Amino acid sequence: MLKKFTLGGILWTLVIGTLSHFFYQWSGENFLIGLLSPVNETVWEHLKLLFFPTLLYMLAEKAWLEERYPGRFCENLRGLWAGLAVMPVLYYGYTLFTGRDYLWADIGIFVISVLTAFLVPYFYRNRPVGACSLRRNLLVLFVLLILFFLVSVAFMR
């Protein structure tokens, strides 16, 4: 069952994340849409392509699977942090050596980040439930939400 949810999350995030790249423009630069979708081409704003669709899917998965897989949401958050870390590391790593960015590489980085976000918790699924600190991960989640919103507001001015 986790295999199906993992695959579903990967597909969901690839599709919704890709589409959300255009939501702000399509909405006529709506403020609320800008809080959840990239408002410019910075790497920081592009982290939203992964963050919000993945978080939404993981919250739905938590509601559906929490009884059967306690602690799964905490592990999912760890996967999300890993995916978010991979994106800027790979982007700045390759642009450091090439001196420019390439659309095909950026798309590949997004795919790798999505795979990381969902495969990390999948491979850690057999760890003891207490091995993950939900409180600490929720704090990180809260801080990231605030940062995404504050930075987006600054960019939309």
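Any Cβ shown, glycine's included, is placed from N, Cα and C.
The following features are taken from TrEMBL:
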- 7-26: transmembrane segment (TRANSMEM)
- 46-65: transmembrane segment (TRANSMEM)
- 77-97: transmembrane segment (TRANSMEM)
- 103-124: transmembrane segment (TRANSMEM)
- 136-156: transmembrane segment (TRANSMEM)
**Asked** So what's near the transmembrane segment (103-124) in sequence-distant terms, Cβ-Cβ under 8 Å and 6+ beyond its ends?
**Response** 2-3, 6, 9-10, 13-14, 17-18, 46, 49-50, 54, 72, 75-76, 78-80, 82-84, 86-87, 90-91, 94
**Message:** Using Cβ atoms and a strict cutoff of less than 8 Å, what residues sit near the transmembrane segment (77-97) while being 6 or more residues removed from its termini?
**Reply:** 43, 46-47, 50-51, 54-55, 58, 105-106, 109-110, 112-122, 124, 132, 137-138, 140-141, 144
